[in-house]
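This report refers to the structure that appears directly beneath it.
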Amino acid sequence: SHAKEILHCLKNKYFKELQDLEVDGQKVEMPQSLSWYPEELAWHTNLSRKILRKSPELEKFHQFLVSETECGNISRQEAVSMIPPLLLDVNPHHKVLDMCAAPGSKTAQLIEMLHADMNVPFPKGFVIANDVDNKRCYLLVHQAKRLNSPCIMVVNHDASSIPNLQIDVDGRKEVLFYDRILCDVPCSGDGTMRKNIDVWKKWTTQNSLQLHGLQLRIATRGVEQLAEGGRMVYSTCSLNPIENEAVIASLLEKSQGALELADVSSELPGLKRMPGITKWKVMLKDGQWFEEWKDVPSNRQTQIRPTMFPVKEEEKLKAMNLERCLRILPHHQNTGGFFVAVLIKKSPMPWNKRQPKVNQKLPQRTGDTIVTATNSEDGSEDIIEEPILAENEESKKMQKLQNSDTEQNKKEGVCGPPPSKKMKLFGFKEDPFVFLPEDDPLFPPIQKFYALDPSFPKMNLLTRTQEGKKRQLYMVSRELRNVLLNNSEKMKVINTGIKVWSRNSDGEQFGCAFRLAQEGIYTLYPFIHARIINVCIEDVKILLTQENPFLSKFSSETQKKVKDMAMGSIVLKYDPDPEKPDTLQCPIVLCGWQGKTSLRAFVPKNERLHYLRMMGVEVFKAKRKEEESESKTEEEVEYKQAQLEEGMDVEDKERDLVAKTEGETGEESSHTPVENSAMEVENKTEDLDQLSKNANNHVS
C-alpha cells in the first residue's frame with residue numbers, strides 16, 4: 001500500500017514538475033515505466049548522476065530519491081538486474097537462498113515478495129542471503145535492513161561450498177532444501193560496457209576462461225541444495241557463452257535428466273529478449289580459436305576445459321532446449337547486457353542418489369592421493385582426488401562410511417562426509433545471537449505493559465549479548481529461529497533479526513524498561529492490545545513536523561485517549577478513510593512517547609519525510625550557503641539522533657555509541673517542552689554532528 005502511494009506521489013507531483021524543464025539548455029526527458037515490470041513499480045530515467053546532483057532545478061527530485069532510498073521505499077538499480085528475482089516467482093511460503101547476494105538490490109526484491117501480504121507479520125518463508133566477501137556482506141546488511149523484515153539472514157560463505165543446513169522437523173533433523181535459489185554468479189561483466197569504462201580497458205578472453213569453473217561449481221552447489229520441484233535462476237551480466245550457455249549445458253549434462261530449462265517466454269510480457277545460442281567457439285588470449293575439445297593442444301588444457309564447448313550430438317543438444325535461456329541485448333530496450341536461465345529440478349542429482357554400499361567403487365591408490373573414478377555420461381572419467389590417509393585411518397574411514405546409513409540419509413545432497421576443517425573467520429568477530437529463555441524475567445513486564453496477545457511468539461526474541469544488561473531486543477521468524485538454533489557451528493551469520501524494543505531507563509518508573517522501536521513496529525503491531533492511540537491525519541502531521549508538541553495541539557479525541565493512559569512508550573495508528581480518496585490511503589503505525597503534557601513520535605528523519613510527502617506536505621529545503629548551524633532547530637537535532645540510531649543498528653558494532661545516544665533520547669522523551677530548553681539542544685548539536693559522521697563512516 002505504501003508503494004502505491006509513492007507511485008501516486010511520483011506521477012502527480014515529481015514527474016509533473018519535470019515536464020517542460022530544461023537543464024543546461026536541454027529538455028529533460030520524462031521518466032518512463034518499464035513495460036515488463038508488474039504494476040508500474042519500476043521506472044527508468046535518463047538523467048545522469050552528475051546532472052541529478054548538480055542541477056538546482058532537479059534538487060527537489062534528487063532529495064526525494066535519496067531520502068526514499070534511505071528508508072527502503074525505493075531502490076535504484078540497473079533495469080536488467082531486476083529480471084532474475086521476477087523470474088524466480090517467489091511466494092511468501094518459499095525458503096529462498098541468494099547465493100551471491102551483495103550488494104543486495106535483488107535480495108531486497110526477494111524480501112519484498114515474501115511480504116506480499118502486509119497483514120501477515122511473519123511469512124512462513126525466509127531469505128538467506130550469502131556473499132563470500134566479508135566487507136560486502138555489511139553492504140548487504142545495510143540494503144536488507146531498510147526493508148525491516150524478520151525473515152532475512154545474511155551469511156558469509158564461499159557460494160561454491162556453502163554448507164548444507166539442517167532444520168528440526170517434528171523432532172527429527174532434516175537437511176534444508178530451498179524452494180527457490182538465485183544464482184547471480186561473479187562474471188566478467190562485459191554486458192555492462194555501456195556504463196562501466198573499466199570493461200573496455202581490462203577485458204580479455206581470459207576473464208571468462210578463468211571464471212567458467214567457479215561459475216559451474218556455484219551453479220552445481222545451488223542445484224544440489226534445491227528442493228525437488230524447486231526453481232533456480234542462473235544469471236550473469238555477461239554475453240559470453242562460456243559464462244552462460246556453456247555452464248548451463250554442462251549442468252544439464254551432469255544432471256542426467258534431473259534438471260530442465262523452464263520455458264519462460266510467456267513471463268514478463270513486454271521484455272525484448274533473444275534465445276540462448278547453441279553453437280560457439282572458444283578463444284585463447286593470443287587469438288587462437290578452438291571449435292572442439294579434441295583440437296586443444298595438451299599444454300593449453302589447463303586453461304580450456306571440456307565443459308566450455310557446445311554439445312555436438314544433435315539429439316542431446318535438442319533435448320537441452322538451450323534456446324529457452326534469455327539473452328538481453330543492450331540496444332533492444334536501452335539497458336545493459338544480461339543473461340538469464342531458469343532451471344527446474346525434477347529429481348535428486350545423480351551423484352546424490354544413494355547407491356547400495358556393496359556396489360560402490362572402492363578408491364584406487366595412486367601415489368600419495370586417493371583417486372575415485374566415476375564414469376560420466378559421455379564415457380569419460382571424472383577424477384575426484386582426496387588427500388591420502390594412513391592405512392589404518394583409511395580402513396576406519398571406510399568402516400565408518402558403511403556404518404552410517406542413517407547419518408547419510410540425513411545428509412542427502414552431500415558427497416561423502418564433509419571435510420573436518422575448522423571454519424576460518426575473516427573480518428569482524430560477530431556478537432552471538434542469544435534467544436530469550438522461556439522464563440526470562442525481562443519479558444513479563446513487557447507483556448503486561450503492552451498487553452501482548454497470547455499468540456505472541458516470544459521464543460523468537462533474541463539479543464546480541466550473553467552477559468550484562470540486554471539493551472536491544474530483536475525478532476526473527478519461527479523458521480529462521482529453527483535455522484539459527486540447528487546450524488550455529490557450521491554457519492557464519494553476519495546479521496539477522498529486526499529490532500523491536502530498546503532499553504529506556506526512564507521507562508522503568510512507568511512499568512516497562514523497553515520502548516518500542518520504529519523498525520519493528522509493523523511486525524509487532526498485530527500483537528499489541530494496549531497503549532494504542534488512533535490518530536487523525538492532522539495529528540500525524542503535528543507529530544511529524546513538531547519536536548515535542550503539547551497535548552493541547554492535538555484533536556479532542558486524541559486528548560481524551562491520552563488522558564487515561566500512563567506515561568511511556570505508545571503506538572500511534574492512522575487508518576485511511578476509503579470514503580475520502582484524496583487523503584492518504586495507506587495505514588501508518590508510528591512509535592511515540594507520552595510525557596506529562598506532551599506527545600511525540602520516535603521516527604527517523606527519512607521516514608518522517610516519507611510520510612509527510614505521502615500526505616502532500618512540502619518537505620523540500622533548498623541548500624543554503626550560509627552557516628547552517630545557526631539555523632539548526634530542535635527538530636533537526638532530533639532527526640540526527642533518530643538517524644544515528646538507525647545507522648548504527650546496521651552492524652551493531654558501536655554498542656557504547658548507540659547506548660549513549662539512546663540514553664539521551666530516552667531522557668528527553670519524558671521531559672516536557674518547557675524543560676527541553678533550546679539552549680540545551682544547541683549545545684548538543686556539535687556532539688551529534690560528530691556522532692552522526694562517525695556512524696555514517698562506520699555504516700559505509
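A Cβ is built for glycine as well, from the same backbone N, Cα and C atoms used for every other residue.
Here TrEMBL flags 1-346 as domain 'SAM-dependent MTase RsmB/NOP-type'.
Among the features that TrEMBL reports, S-adenosyl-L-methionine binding site is placed at Cys100, Ala101, Ala102, Pro103, Gly104, Ser105, Lys106, Asp131, Asp158, Asp184. With a cut-off of 8 Å between CB atoms and residues at least 6 apart in sequence, the same chain places Ala129, Leu139, Leu140, His142, Gln143, Ala144 near Gly104 (S-adenosyl-L-methionine binding site), listed in sequence order.
Positions annotated as region 'Disordered' by TrEMBL: 352-418 (among others).
The compositional bias 'Polar residues' annotation in TrEMBL covers 357-377 (among others).
Among the features that TrEMBL reports, region 'Disordered' is placed at 623-700 (among others).
Residues annotated as compositional bias 'Basic and acidic residues' in TrEMBL: 623-634 (among others).
For 650-663 (among others), the entry in TrEMBL reads compositional bias 'Basic and acidic residues'.
The feature compositional bias 'Polar residues' is assigned by TrEMBL to 691-700 (among others).
When pLDDT is averaged over the domain 'SAM-dependent MTase RsmB/NOP-type' (1-346), the result is 93. Counted within 10 Å of its Cβ, the other Cβ atoms near Ala102 (S-adenosyl-L-methionine binding site) come to 23, all protein chains included. Among the record's S-adenosyl-L-methionine binders, Cys100, Ala101, Ala102, Pro103, Gly104, Ser105, Lys106, Asp131, Asp158, Asp184, no two C-alpha atoms are more than 20 Å apart, and one pair sits at exactly that spread.
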